[in-house]
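Enquirer: Marked as transmembrane segment by TrEMBL: 22-46. Positions annotated as domain 'AB hydrolase-1' by TrEMBL: 137-378. Look at TrEMBL and you will find Ser217, Asp343, His372 tagged as active site, charge relay system.
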Amino acid sequence: CAMDWQVLTRELSLYLEHQVRVGLFGSGVGLSLVLGFGVAYACYYLSSIAKKPQLVASNDRFCRFLEEYCPVVTETYYPTIWCWEGRVQTLLRPFITSRPQVQYRNELIKTADGGQISLDWFDNNDSLYYPDASTRPTVLLLPGLTGTSKESYILHMIHQSETLGYRCVVFNNRGIAGEDLLTPRTYCAANTEDLEAVIHHVNSLHPSAPFMAAGVSMGGMLLLNYLGKTGRDTPLMAAAIFSAGWNVFESVESLEKPLNWLLFNYYLTTCLQSSISRHRQMLEKLFDMDLVMKARTVREFDKQFTSVMFGYRTIDDYYEDASPCRKLKSVGIPVLCLNSVDDVFSPGHAIPVETAKQNANVALVLTSCGGHIGFLEGIWPRKCTYMDRVFKQFVQAIFEHGNKIFSM
């Protein structure tokens, strides 16, 4: 019996060693499980994740223009297969996407209230398509809430513009791009005075150059609020908006949900506090900075700082004025807006689809996935995103073929 037990133990040991060496894929059952899971996941991805975006536009001419010259908005968007969920896309984009090298020329311009604004120019003087600087198309870029010209999405937009021969200028909000605050004032999504000054300045330098703008997140909100205020009375030919928060009440409510607060809200609040902390000596003339620095949500920061700075009676008054959905009807130039319905910063139910249908100048492109400034695609989405492709095609369409929709 002892000998039988030793033989059995030895045979069992050899069998287990063989299984370890062969591994899961050497087993017919294991391989079948893996293949079955792969097929099931592929079917789910192709049926429920990869979809054509929803194009919302009441103007048939605008729709045909986009279908012909910006076809990416009608093509199936294939999110990165291993990170298609909105929050994951939002978190990973800054770490995954490359950062193209861009050499800027900085310019500080004065404002009417004694402040200053930092502009970063990419002149593209080596442009083969537009060697004459006076007529070289210009794209004004507006980063997000605490973003600057160094953000990866801005660098990618400039890279796309460079290949087309265009010039870019990045509007950095007051006090966040390394320049000093000369007055106790920063910025917000509702106040368009600084943007108006920048647009006037850029247009005065190159009055013969075609001119349009693109805004991302809060930059898109600010641009929409400006367009809603000015209507057709703007030197801009058109605008592109990416991941704008349409209704600020809905945005902050979404960000205050426990998981979203943990992943985004608290971090964004600390970024806001950091952006003003180095200007504390200037700002504490008007604010209780100790109280501002205790904020733990964006809403608390806006209540103690932003709404007070710009003279709003309550934070609700500020949020109502900052929400672009209330001004969309007044936009007077062609505008293309890209949003993902799974964006926790701008919930899908708050996107003003019905309002957009009432303005012939507006087109919404709504993807089912993409998160906030995510829109990752490809197995390893390092160099180009769906958002980058929409930007490139739309900007080129406006500058090269825009006359076909300006008679709308």
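Note: Cβ is positioned from N, Cα and C throughout, glycine not excepted.
What you see is a predicted model, and the numbers here were worked out from it, not measured in a lab.
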Enquirer: Between the Cα atoms of Ser217 (active site, charge relay system) and His372 (active site, charge relay system), what distance do you get, rounded to the nearest Å?
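Expert: Cα to Cα, Ser217 (active site, charge relay system) and His372 (active site, charge relay system) are separated by 8 Å.
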Enquirer: Pop the Cα-Cα gap between Asp343 (active site, charge relay system) and His372 (active site, charge relay system) into the table, whole Å please.
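Expert: Checking the Cα atoms of His372 (active site, charge relay system) and Asp343 (active site, charge relay system) gives a distance of 5 Å.
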Enquirer: Taking the Cβ of Ser217 (active site, charge relay system) as the centre, count every other Cβ atom within 10 Å, in any protein chain shown.
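Expert: 26, counting other Cβ atoms within 10 Å of Ser217 (active site, charge relay system).
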